[in-house]
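**Student:** Per TrEMBL, the features are:
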type: SIGNAL; residues: 1-24; note: signal peptide
type: DOMAIN; residues: 25-105; note: domain 'Cytochrome c'
type: BINDING; residues: C38, C41, H42, M82; note: heme c binding site
Amino acid sequence: MRNLFMSLAIVCLTMFNLSSTVYAVDIKNGENIFTANCSACHAGGENVIMIDKTLKKDALEENEMDNVGAITYQVTNGKNAMPAFGGRLSDTDIEDVAEFVLSQSKKNWN
């Protein structure tokens, strides 16, 4: 009976591992995508259109944009003067950009 439970546990863990999809974040890709598509308005984490809506850590926190989901949503759908990039960039590229923005904001864009 003990061997049956051990076997069942191994099968379940194996199935779980095979069904889990893991996406690796590529910060360098995020930087490249950001440079090509975002830096005209957001160079150095700034915002040339709406100066108080920067990509700096404090501004991201104040505007509830300090997580991958919020940044991904805005990049995908756009808002105000910011165009939507959902039709132009892949979901993976947008997530990489979001991760890049968050990593830079934590380093104060230095």
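Backbone N, Cα and C define each Cβ position, glycine as well.
Remember, it's a predicted structure, so these values are computed and weren't measured experimentally.
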**Student:** Just report the maximum Cα pair distance in Å for the recorded heme c binders C38, C41, H42, M82, no decimals.
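**Tutor:** Across C38, C41, H42, M82, the widest Cα separation comes out at 11 Å.
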**Student:** Would you list the DSSP helix, strand and coil counts for the residues of the domain 'Cytochrome c' (25-105)?
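**Tutor:** Once the DSSP states are binned, the domain 'Cytochrome c' (25-105) shows 49 helix, 2 strand, 30 coil.
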**Student:** So if I measure Cβ to Cβ from H42 (heme c binding site) and keep only same-chain residues at least 6 apart in sequence, which ones fall under 8 Å?
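**Tutor:** Non-local contacts for H42 (heme c binding site): F34, V48, T54, L55.
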**Student:** Show, in sequence order, which residues other than C38, C41, H42, M82 on the same chain lie with their Cβ within 8 Å of the centre of the Cβ atoms of the heme c site.
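**Tutor:** Neighbours within 8 Å of the Cβ centroid, excluding C38, C41, H42, M82: N37, S39, A40, N47, I49, L55.
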**Student:** Could you tell me which of these binding-site residues, C38, C41, has the greatest number of Cβ atoms within 10 Å of its own Cβ?
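**Tutor:** That would be C38, with the highest Cβ count within 10 Å.
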